[in-house]
Structures are given as structure tokens and as C-alpha cells.
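Here the structure is laid out as C-alpha cells; the discussion comes afterwards.
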Amino acid sequence: MSFNTGTAYAESDADDEYERDIHDSSPIDATDAEASPTESDPPSNEHTPTTYGYRSSADRLPETIISEWTADECADFIATIGLEQYSTRFVENEIVGEALVALLHDDLKSMGIHSVGHRLTILRSVYDVKKAQDVPVESDHYVPLTAENEGQYATAKDIKNLVEQLRLRDERMHLFEQDFRRLAEDFRRLREDMLPALRLAKDAQQPLPHLNNGSAYAGYDTTISPPAPTPSTSGQSGGGLKRQWSTKKIMLGTTPKATSPTHLQTAHDRSLAEQTLDPSSAAERAVMSSSHLAINGLVPSATSPSYPSINIPSPTSPPNTLGGATLASRSYRSDQPTPSSRSTFAESDYAHPGGRDKQPVAPRRMQTPAPDTPSGSNASVEIFKSFRVSMDDPCYKVLPAALKKYQINAPWDQYALYIVYGDQERCLGLEEKPLILFKQLDKEGKKPMFMLRKTNNAQVDIGNEAPGSAGLGSARGAATGYDPPGGII
């Protein structure tokens, strides 16, 4: 890299001319002016920094970065800018590239360069090389005063770069226009080629058939009919229970739940283990059943339309070996319609004063639709959420709470709490925890439910009863005058 011949440095020329003036008006010290070569030395044939009449082999700058120059390369650089008389001083002071980029006026003055113009020439030349090589300029480096305004004016190089960028832009736009014209022509040809094929496809399509006065749906009228009666339903029709289309005949006649097809349930389409009490219609059935028993005073006959004629054993009913010894017969009392809402047994022993003297009748269980019991781990909480009992409460605390919930004003020791799951049932002991047991069975998918049963004993001695007996041990053969109802809860 070399500088063009004839480059003028206005600062140095002005300083040289200014030094020739009177010393009194000059801001430069007299010692500097006396030591200046332009005043003290006789005229010589050597060139000045503005003439560059002498060109040596040092014209060419080193190809390395200025910060990596050696002392000899720095001396060659000083000779290149026309100040060859100071080259030996740079070699003597071992000024390398790192020191050259950080030189200031004071440093050059200490090296014996007393001319302000020569110092400005050296510093400005070093700054130009740093800018050309993209060497970072530190805050303590020399920066010319005119360098602050250099970026505000466009140079010939900037204009050349701008013209080149505009030329490249025009070439790209021309290429884009050619590509767009070619795509438009290809699309036009494709459209012309596809139009005949589209016309043929359109002509080949057949129109959809039209409906003539709904004749297409006439065949469905003959296919919709009630299902044929099955052998199981035909065999039971003589006994009072029959299956109809979308209805089910139950005990209470016409109720909102009776004619709903969603509550259709027979012995052959659902097992008896899933039959539980519907809480939404239990109260209504209990009131009507108790009124019916109180008025007639008789056991419902097998042909009564309000009760089924079949006597199907239930998983909640006691075995035949127990008979009537341990479990009392259920009844609905007309003076207590509310407690009877949870019972599913009916017998005339207590509905009529003379019923016990006539003949004992086995208790009959009414068919009730299965309620929507809550599933999951919170099923026990849903059932006993209003009982005010906790999961750890034993049976002798849960049993009084259940009786109080259903307004059964009877001693709690006259009742036993049974848990029914699947086709099995078990009497809970007084120390067992019903809710924990319910939760365990529900997790196993056995669909448990609780049931209250009245015992024959008047009082139960908790201290003498064995766990799991629920008062049945002392209730053998005992009689009581109070007979509240029991049932499924």
C-alpha cells in the first residue's frame, strides 16, 4: 500500500509558514522555533513533506497489520511519507507497531521531532493506515480534528459502491420480470390444455336422483314395529308382569318414572345384584304402599297389578335357614310414611292387627330400578355426605346417624347394618368401619351398598357382643312391640 504522489497536508504547510513569523506573536515556544530545521539549518536540496520529490524503495508499505510492524518497518513507513530524516530515530528508540499506533505529540517531541507540522504529518499518516486496515482506535489514541467531519461527505469510493449496488438491483429485477412472464405463459398453456378434460369430466357426471313425494322413505314404515315377546316375558304375563313397548309395569301405577323407557328392567336383561332403590321415587312409593296397606289390611294378592307375582330371591334377602328367627318382617306404617321411604319389603303382620294370627307370609321384595350411584373413590362420601360421620367412624356411630337421617325414631340397637356387594351380603360388626370398607369394595368394582335390617332384640349389650354379630346373638327368639321399617340406604 502506498500513498499517491502529491498529497498535500494543509496542517503542516500552515505550521511551517506560521513558524517564519515573529516569535513574539507565535504561540510556539522560542526554543522550539530555534531548534526547528527550517530556521536553524541552512537551505538544503532535500524535499519537503509537500513535494515528495524523492522516492525510494521504502515507498511500499508493509503488507502486515500496523500493530505487528517491527522497528525497521516503522522506519520505512516514516521514510515513505517523506520524513526520511526521522527514520533512524524510530530505529534507535525501537518504535514497533504497537507503539506506533499509540504515539502522541509529546512522544514525538521527546524523540527529537520538534516541528509541529512534521508531528502532525506522522500522526495523521498513522491514523489513515489504522482506518484503512480497520484497526480499532482507542480512546487515548490520536484522532485528527478533521476526521470528525469526514463521514459526512460522500467520497468517490462511496459513489462507486452505490452505483454498483444499483446496477445489481436492476439486473435482479430484470431476471424477476423474465421469470414472471415465463410463469404466466406456462399457466395460460396449462389452462388451455385442462379445459377440454374438465368439460369431459363435467359432462360425464350423472345428476343425483330426485325424491318424489318422500317415496324413498316409504319402506321404513313397514319395518318399525314393537319387538316380538320373548318366552320369558310371555311366561310371566299370566302372573301380572309383562313387557310392553317402551314401558315397564311397576307397583305404583302411572308415575313419571314408570313409563320412561330408560328405566326398563326385567329379570333376563339385568342381574338382581344390581337392583337397588331409586332415591328419587322411593318416598312416593313408600307413601302409596303404606296407605294401601292401611286401607285394605290384607296382603297383596298375586294378581294385583301393583306388585309382581314372581318371588325371585335377592342378594339382600336372608337365607332360607334363618327364616323369621333373626330378621323381622318389614312393613310400612301409615303413621310414619317418611321412614318407610327406604324399605323394599311389605307384609301384613303389622299392617293389620289380626294378620299375625292368620298365617305368616314370606316377605316379598319389590323390583326397583337401579339408581345412578356415584362411582370412584368418593362414592361413600356421596352416600353419607349428610350423615355427619367420618371415614374412621365405627359402625355404632354410623348406625345412629343413618337412622336419624331417615327419621327412624327407634333405638339404634334394634337395627343392624349390612353391606351388600355382588351376590353376597355381610352384617357389619359394631367396631368395623363401614365407610372404609365401602371404599375398598368400590375400588375393586364390586358396587357395594348398605342396607338397614331390624333385629328382634330390644337392647344390645355392646360389651358382650362379639364383633360382626351386629346384635344378632342376643336377638334369637326375642320379641318387641316396636317395629320400624328397614331397607336399603
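Here the Cβ of each residue, glycine as well, is placed from N, Cα and C on the backbone.
The following features are taken from Swiss-Prot:
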type: REGION; residues: 1-56; note: region 'Disordered'
type: COMPBIAS; residues: 37-54; note: compositional bias 'Polar residues'
type: DOMAIN; residues: 69-132; note: domain 'SAM'
type: REGION; residues: 207-285; note: region 'Disordered'
type: COMPBIAS; residues: 256-265; note: compositional bias 'Polar residues'
type: REGION; residues: 309-379; note: region 'Disordered'
type: COMPBIAS; residues: 328-346; note: compositional bias 'Polar residues'
type: DOMAIN; residues: 377-457; note: domain 'Ras-associating'
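The DSSP breakdown of the domain 'Ras-associating' (377-457), given as helix, strand and coil counts, is 29 helix, 17 strand, 35 coil.
Residue counts for the domain 'SAM' (69-132) by DSSP state, with H, G and I taken as helix and E and B as strand, are 46 helix, 0 strand, 18 coil. Mean pLDDT, taken over the domain 'SAM' (69-132), works out to 87 on the 0 to 100 scale.
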